[in-house]
Amino acid sequence: MIKNLLCADFLKIKRKGFWFLTFLGPFGVVALQMVNYGVRKDYLLQQSNDEWGYYILNVSTFTPLALVLGVVILTSFMTSVENETNAWKQLIAFPVTKISVYLSKLTVLALLLFISSFLLMLFTLGFGMILELQGQIPYGKLLKHSFYPYFAVTPVLALQLWIAIVSKNQGVPIAVGVLGVILTYSAYLLPDWMIWKWPSLINEWDEPLINVLLGVGVGSLLYIIGMFDFVRRDVK
Amino acid sequence: MEYILETKELTKRFGKEEAVSKLDMKIKKGEIYGFLGPNGAGKTTTIRILLGLMKPTSGSIRIFQENLDTERISILKRVGSLVENPSYYPHLTAYENLEASRKILEVPKARIQEVLNIVGLSDVTNKKVKGFSLGMKQRLGIANSLMNNPELLILDEPTNGLDPSGIIEIRNLINRLANEAGITILISSHLLSEVDQLATTVGIINKGKLIFQDSIDVMRRYAQQSISIKVNDSEKARNMLFSNGIKTNYENGRILLPELADMEIAEAIRILVESGVSIYRVEEEKRSLEEIFLQMTREEEDD
Ligand SMILES: Nc1ncnc2c1ncn2[C@@H]1O[C@H](COP(=O)(O)OP(=O)(O)OP(=O)(O)O)[C@@H](O)[C@H]1O
Ligand SMILES: [Mg+2]
């Protein structure tokens, strides 16, 4: 059942700009460094002996912001596909469970964001090579900075999806989303427990893996709560 | 009697308001069940509950002799539906819209073209639904409801907002589905005239309560209300009838006999003929079904 729903959901996101956004996010993040390194490459190379490490760090300054922005926009697009002509009633009057409908939506979003993260890795690597940075390519670090934020953003994804799916007024998820983007932008100032801080991979213990594990744990919890709330409610 | 759909004391409350109240709906196989009621009567709410889109506050539903609460998926595999305004994905073509449903329903690809032919949309197969007229969207909605070859079709006001020719088109379509494919159909409307020539059974809901449920023939019997007679001398005629124990009313130059058996009417005519009154016309005054429907829903309000 879930496979069928996934196929249908991938069909429904055609021509809606989902794939373009999936590409635009990581491209934008690396493009900022193209500008940065284009303007003041010599200065930047002097900042550290570890040219690759410093470059990856620069790229990842904007990763959390792009990721949270992507989550907000994609979840909103995703639910608007069904909200537009109130297709929820048609979808759920099919022989499917509400649990699988919800899971399918989440899976599509998670897959798109995963592709984004993968593209981020490719683009980062590609532009780094074009820059002819000195030293060994730190693949471990590259992987970490491309995929850790992806896992750490899970709670934001679960929360946005939940709000977007159950809200009658789509202003609510947009408002929460904008607030989330602002919070992500000010991650340095936030206490460690706030989920919008997690994609930045910063915490008191200086251990990014904590954000990843917390992200997946709390994200799953929020996902389950949202799903049961969706199941419990009458269809819009 | 085996019913294809049967509800028992179905109730749905929104806060304090009871939108559906102790509904006992019964639909037999092969029927076209006209589900009638004025705006806000509870038709859509009932239909949403029947499709598992809403949970009833209390009461039970059996469809195909199975409990909807526990067998929802296996029941819905055999049901097609269209609830309120048609839903569709405007950025997709008619074909893609049905393809999205097809993937979920796991029916063969050929079914898409079949249902498009049935509803007469085969020449716009690859056009985006965005540009469709309301009637075309409605037909696409019906095509969608037919994708899984349903045994029971539930249509909520499928003619809402259509022009007269669109209404007739949909009506013919529904007739064909019932007669040729043998599908049992539940169709809701707030106008009796829309299901009049269609329905075999009528259920009338008002303020959440089912106030009438029987065959359309029984409903029609309510319509044969009185016999009106036009004569040359109404005064004399009425006196003659009255002295023979037949009470009459007088309206617009016609004598009205209340609903009487055939023999009694024959008797009344005989009396008039024998008394030398010239009889110009004897007619059956039919109230239209619409009037009966309105009266039924009004009577409830007076209670
Ligand atoms: N989600 C809801 N929350 C609160 N009240 C509701 C909800 N849905 C329906 N109602 C109320 O239930 C009653 C019945 O509504 P319903 O939509 O079932 O009527 P209807 O017979 O379909 O009317 P119409 O002919 O206008 O479509 C109305 O008074 C409506 O206000
Ligand atoms: Mg309605």
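Backbone N, Cα and C define each Cβ position, glycine as well.
The model shown is predicted, which means the values in this text are computed figures rather than measured ones.
Taken from TrEMBL, the feature transmembrane segment covers A:18-35 (among others). Within its own chain, the transmembrane segment (A:18-35) is flanked in space by residues 55, 58-59, 62-63, 66-67, 69-70, 73-74, 77-78, 112-113, 115-117, 119-120, 122-124, 126-127, which lie at least six positions past its ends and keep a Cβ under 8 Å from the stretch.
For the transmembrane segment (A:55-81), the residues of the chain that approach it from at least six positions outside its boundaries are 12-13, 16-18, 21-22, 25-26, 28-30, 32-33, 36-37, 44, 87, 105, 108-109, 112-113, 116-117, 120, 124, 128, 131, 133, 138, 141-142, 145-146, 149-150, 153, 156-157, 160-161, 164-165, 170, 173-174, 177-178, 180-181, 184-185, 187, 196, 199-201, judged by C-beta separation under 8 angstroms. If you look up TrEMBL, you'll see A:55-81 (among others) marked as transmembrane segment.
With a cut-off of 8 Å between Cβ atoms, the residues of this chain six or more beyond the transmembrane segment (A:102-127) that come close are 2, 5-6, 8-10, 13, 18-19, 22-23, 25-27, 29-30, 33-34, 37, 56, 59, 63, 67, 70-71, 74-75, 78-79, 137, 142-143, 145-147, 149-150, 153, 157-158, 161, 165, 223, 226-227, 230-231. Annotation comment: TrEMBL describes A:102-127 (among others) as transmembrane segment.
Sequence annotations record features per position, and here TrEMBL assigns transmembrane segment to A:147-165 (among others). Sequence-distant contacts of the transmembrane segment (A:147-165) (same chain, six or more residues past either end, CB-CB distance under 8 Å): 60, 63-64, 67-68, 71-72, 75-76, 78-79, 102, 105-106, 109-110, 113-114, 116-117, 121, 172-173, 176-177, 180, 195-196, 198-201, 208-209, 211-212, 214-216, 218-220, 222-223, 225-226, 229-230.
The transmembrane segment annotation in TrEMBL covers A:172-190 (among others). Under 8 Å from some Cβ of the transmembrane segment (A:172-190) lie the Cβ atoms of residues 64-65, 68-69, 71-73, 75-76, 79, 156, 159-160, 163-164, 196-197, 199-200, 202, all in the same chain and six or more residues away from its ends.
The transmembrane segment annotation in TrEMBL covers A:210-231 (among others). Taking Cβ pairs closer than 8 Å, the transmembrane segment (A:210-231) reaches residues 98-99, 102-103, 106, 148, 151-155, 157-159, 161-162, 165-166, 195, 198-203 in its own chain, all 6 or more past its ends.
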